[in-house]
Amino acid sequence: MDGGYHGEHGSFERRGRVNRRNATDIGTTYVHWMRNRRPTGRRIRGFEVERPDSDFIVDMLPPAARKGHAADSLPAKHVHSSLNKVRQPVNAVKWTPEGRRLLTGSTSGEFTLWNGTGFNFETIMQAHDVAIRTLCYSHNDEWLLSADQDGVIKYWQPNFNNVQQIRAHEYPVRDVAFAPTDAKFVSASDDQTIKIWDFASGELQSTLDGHQWDVKCADWHPTKGLIVSGSKDHTVRLWDPRSGRCLTVLHGHKNTLTMTRFEPNNGVLLASCAREQTARVFDIRMMRDVFLLKGHNKEISSMVWHPIHSNMLSTGGNEGSMMHYLLDEQNAPAGTALTVSPYDAPNPADSTAQTVDPAHRVEHAHEYAIWNMDWHPLGHILASGSNDRATRFWTRPRPGDDSYVNDRWHIGQEAAEAQGTWKKSEAQRREQEDEADDEAEGIDDQQMPVRPFLPGLPGLSGLPGLAKPSFPDGTSTGGAQSMGLPDFSNGASLPFQMPNGGVPAPSPGMDLEALKKAFGGQLPQPPFPPPNGSLLPMPNFANGAPPQLPPGFVPPPGFPMPTLPWTAQSPTPTNGTGGSGRRRAPLPSQAESLQAEMRQGSNFLKTVVDTRPLSYTPPQFPALYWPFPVYGTQTQYLYDARSMWLFTLYWTLICVVGIHIIAASYAVAMQWKNWKIVWVVPIIYVVVGGIEAVIAGNVVGGLLSGVYSVGYFRMSTWIPLSWGIINTLVLVLSSFAIQGGL
């Protein structure tokens with residue numbers, strides 16, 4: 001072995017230099033537990049009680065062995081920070097079902113795999129063309145779903161083979177979740193809908209309508225036919241997936257929901273967080289909130305339940321803080337009175353939710369918003385992905401280790417530097433070493449070794465017109481590399497007879513000395529025909545034409561352009577070195593991913609700026625819809641400034657001219673005896689009202705379209721009607737003021 005693991009998160013030593021990369025080894029604790037645990041029905045000695053001393057590291061137990069001691073699993077210790085070469089915000093993190101690797105999805109559409117023990121880079125691939133929004137594994141661990149900013153959902157096998165993709169929504173897909181049987185899955189989108197899909201066929205089964213704004217999150221109960229969703233309309237809704245009916249609406253949040261999650265073990269509790277400083281935990285048996293989680297100073301952006309401890313919930317803040325809660329411990333600050341849980345209240349229906357403060361705080365876990373978190377299946381490592389482009393790993397501290405209390409993640413970088421617990425230069429050096437290790441271990445998967453394009457021909461790579469061919473696998477170096485020409489200079493090992501008994505005679509008029517000088521003093525080996533006499537395949541040049549001859553060389557009349565058979569592509573080697581290394585197929589490198597992103601013109605920014613659906617066409621006036629939640633209705637929106645301006649102008653004309661016609665009719669009815677003069681009144685009223693409507697409609701419509709266009713907002717078709725009525729009321733009220741002044 002080249003090295004070994006030490007402790008729960010010690011260093012990993014490699015032959016050569018010492019690698020200070022932290023690592024976690026859950027295997028030793030499981031071996032200790034499986035060997036010494038108390039069998040059912042037999043009375044043998046118990047485990048040694050863990051004490052806060054380094055001598056008790058050997059007595060550490062995995063979370064499954066201490067289900068009643070959730071406090072021992074609090075991930076207070078920072079283990080490692082993983083960064084890609086081309087750094088992008090990390091939107092989704094998900095452990096593979098066996099827990100050996102961590103999968104992350106970024107805004108560039110890339111999948112990145114990190115080792116689950118040493119946390120080093122393994123491989124990267126371009127999975128989507130735009131930002132990845134969510135990841136979800138099936139319960140049978142055989143399928144992975146990924147959803148992106150364009151509303152596309154892709155099916156992946158465990159080896160990351162993309163077998164299918166569906167266009168699920170016209171807007172970004174914010175969340176996906178599998179049914180308990182894996183036969184169906186649910187998707188939530190910014191188009192205000194939740195859709196249930198048949199997994200095998202990829203066909204839409206039903207659409208759940210009811211939210212009045214973007215649906216930001218959804219989850220399927222781990223054992224029951226129950227779906228929860230959270231929306232920008234500040235509500236949490238529970239749905240029956242069979243009938244598509246909304247069972248109940250849970251209130252309590254005052255801002256946009258960011259995440260809703262069922263507790264995975266018992267399924268009784270439902271946690272939700274929003275763009276506010278508190279999170280709530282609901283009991284679906286009581287259909288009410290039972291816990292109010294406080295402690296964040298800014299908005300909460302993500303949350304995750306522990307896979308083993310049902311009473312542990314972790315939340316991530318918009319400013320990068322991370323809080324860990326134990327629902328059976330209030331942890332109230334000093335001087336704060338304890339509150340009574342609804343479970344202990346005489347009348348649970350009328351009691352208030354119990355306030356719970358964090359059992360542990362990591363105030364500086366990330367520099368920016370934590371978008372997603374996920375626990376290792378064994379419950380000993382928590383991974384977090386953030387807008388600061390970092391993926392970080394957290395675990396419990398070893399017995400007797402209290403150094404984490406004053407590290408930069410708890411007290412901040414400046415305070416840690418002042419106390420001497422963190423040094424910027426040392427941190428940068430370690431980061432560079434980690435990147436070098438990742439490069440050394442992942443280079444076989446990202447780039448194949450570069451070989452000479454034309455072996456044995458010095459200086460030929462600079463010939464004009466000789467372009468490097470494009471490879472079918474889409475990489476810059478290609479899975480198939482250029483094959484060198486064997487050395488048959490002595491002619492002894494040739495598999496066929498040379499024509500004329502040796503080197504073929506030159507064509508008449510050919511100046512061999514000039515040709516040698518052009519090629520650097522040495523002629524290349526001539527192309528030999530195969531034994532069957534068939535012609536060699538013509539190489540595939542980039543511009544469709546053969547390469548040009550060296551500058552200054554003029555071929556004699558009738559001299560044919562030579563082909564270069566040694567530039568043909570060879571079969572794909574098994575690995576980058578030709579030896580018995582990793583045999584995974586070469587994947588696009590990070591440099592190529594950056595080039596693709598630049599060529600696409602930053603698709604992520606395009607999707608953020610252009611919010612209209614791909615198949616959007618401006619609706620026909622008036623395009624009104626029933627504004628109340630009725631199943632099966634279709635809302636109408638305006639996305640371009642011209643439609644917003646025209647709709648506002650039209651409604652202002654209709655409302656203002658209509659009210660003037662009513663006033664003129666009333667005047668004619670009152671003065672009908674003077675019919676010879678009164679008939680002029682309606683004409684004057686209509687003309688005056690039309691002029692006022694055109695002025696007011698253009699001014700208000702222009703302002704509205706400008707504001708909505710600058711903010712990239714969509715406008716409901718009811719907004720222009722509302723402003724048309726407002727313009728009419730303003731004109732009517734101003735006319736009374738003018739008359740009073742006169």
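Every residue gets a Cβ built from N, Cα and C, even glycine.
TrEMBL annotations: computationally assigned, not manually curated.
Predicted, not measured: the structure shown is a model, and the values here were computed from it.
The annotation compositional bias 'Basic and acidic residues' is assigned in TrEMBL to 1-16 (among others).
Among the features that TrEMBL reports, compositional bias 'Basic and acidic residues' is placed at 423-432 (among others).
Look at TrEMBL and you will find 433-444 tagged as compositional bias 'Acidic residues'.
Taken from TrEMBL, the feature compositional bias 'Low complexity' applies to 453-466.
TrEMBL lists 1-21 (among others) with the feature region 'Disordered'.
For 416-482 (among others), the entry in TrEMBL reads region 'Disordered'.
The region 'Disordered' annotation in TrEMBL covers 564-593 (among others).
The annotation repeat 'WD' is assigned in TrEMBL to 83-115 (among others). The DSSP breakdown of the repeat 'WD' (83-115) into helical (H, G, I), extended (E, B) and coil residues amounts to 0 helix, 18 strand, 15 coil.
Per TrEMBL, the feature repeat 'WD' maps to 125-157 (among others). Within the same chain, residues 91-94, 96-98, 103, 105-111, 163-178, 180-182, 185, 187, 189, 191, 197, 199, 202, 587-588, 593, 596, 600, 603-604, 607, 614 sit at least 6 positions outside the repeat 'WD' (125-157) and bring their C-beta atoms closer than 8 Å to a C-beta of that stretch.
Marked as repeat 'WD' by TrEMBL: 166-207 (among others). Looking at the repeat 'WD' (166-207) alone, the prediction's average pLDDT is 93.
Annotated repeat 'WD' per TrEMBL: 208-249 (among others), in sequence order.
What TrEMBL records for 363-394 (among others) is repeat 'WD'. Within its own chain, the repeat 'WD' (363-394) is flanked in space by residues 8, 24, 26, 29-30, 62-64, 73, 75-84, 87-95, 97-99, 102, 104, 112, 114, 116, 119, 301-309, 314, 316-322, 408-413, which lie at least six positions past its ends and keep a Cβ under 8 Å from the stretch.
Look at TrEMBL and you will find 644-668 (among others) tagged as transmembrane segment. Listed as Cβ neighbours of the transmembrane segment (644-668) (distance under 8 Å, sequence separation of 6 or more from its ends, same chain) are residues 621-622, 638, 678-679, 681-682, 684-686, 688-690, 692-694, 696-698, 700-702, 704-705, 708-709, 715, 717, 719-721, 723-725, 727-728, 731-732.
Same-chain residues lying 6 or more positions outside the transmembrane segment (677-697) and placing a CB less than 8 Å from one of its CB atoms are 648-653, 655-657, 659-661, 663-665, 667-668, 671, 724, 727, 730-731. Marked as transmembrane segment by TrEMBL: 677-697 (among others).
The transmembrane segment feature in TrEMBL is assigned to 717-738 (among others). Distant neighbours of the transmembrane segment (717-738): 619, 622-625, 627, 636-638, 644, 647-648, 650-656, 658-659, 692-693, 696-697, 700-701, 704; these residues of the same chain sit at least 6 beyond its ends, with a Cβ under 8 Å from one of its Cβ atoms.
Helix, strand and coil residue tallies for the repeat 'WD' (363-394), in that order: 0 helix, 16 strand, 16 coil [DSSP].
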